[in-house]
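Participant: Sharing a structure, written as structure tokens. Questions coming.
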Amino acid sequence: MTAKFTVLVLNGPNLNMLGKREPTIYGNQGLSEIIADLGLQADQKNIVLKHLQSNAEHELVDAIHNGYQQVDFIIINPAAFTHTSVAIRDALLSVAIPFIEVHLSNVHAREAFRKHSYLSDIATGVICGFGAQGYSFALDAAYTYLNKAQVDK
């Protein structure tokens, strides 16, 4: 069976340390577990899931550019780049791929500097505060969005 959609999941700096880094804020589940669970969910929906975690901004920008006309949707947890990266914002605008911004913690209930996002105003949606389950919510939302877009054509 041919995949119906391709979704790119991007994770920014320090997310490789999930499960070890501040588990009271970010949870005990490691990123590899989160992506494995998401892969099972994607398989059930006939979605090809691609994933990249990088601590380097330019690698995330390159992955976004490489997704042009190759992926149908992006799920991105930009982590600390949320508050600093005009480059990631511009990359997302340049490819015009719909995307959801995901955060494990509720960034609006944390330090003031975490409340500003360079991506939220251009995102299809934002999910925050649900821990690892936020990725699952994002994949469900992406699937619904893409199916509706096909019907609306």
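Cβ coordinates are placed from backbone N, Cα and C, and glycine is handled just like the others.
Small disclaimer: the values here were computed from a predicted structure and weren't measured.
Grabbed the feature section from Swiss-Prot, which reads as follows:
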SITE      Arg21  site 'Transition state stabilizer'
ACT_SITE  Tyr26  active site, proton acceptor
BINDING   Asn77, His83, Asp90, Leu104, Ser105, Arg114  substrate binding site
ACT_SITE  His103  active site, proton donor
Participant: Which of the three DSSP states, helix, strand or coil, fits His83 (substrate binding site)?
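Facilitator: Note: His83 (substrate binding site) is helical by DSSP.
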Participant: Counting other Cβ atoms within 10 Å, pick out the least crowded of the binding-site residues Asn77, Ser105.
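Facilitator: Sparsest of the binding-site residues Asn77, Ser105 by Cβ contacts within 10 Å: Ser105.
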Participant: 10 Å Cβ neighbour count around Leu104 (substrate binding site)?
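Facilitator: A count of 23.
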Participant: Distance check, please: Cα of His103 (active site, proton donor) against Cα of Asn77 (substrate binding site), rounded to an integer number of angstrom.
Facilitator: 6
Participant: Quick check on the recorded positions: of His83, Asp90, His103, whose CB has the lowest count of neighbouring CB atoms inside 10 Å?
Facilitator: Asp90
Participant: Using the alpha carbons only, what distance in Å do you get between Arg21 (site 'Transition state stabilizer') and Leu104 (substrate binding site) once rounded?
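Facilitator: Cα-Cα, rounded: 12 Å.
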Participant: Looking only at DSSP and grouping its letters into three states, which state does Ser105 (substrate binding site) belong to?
Facilitator: coil
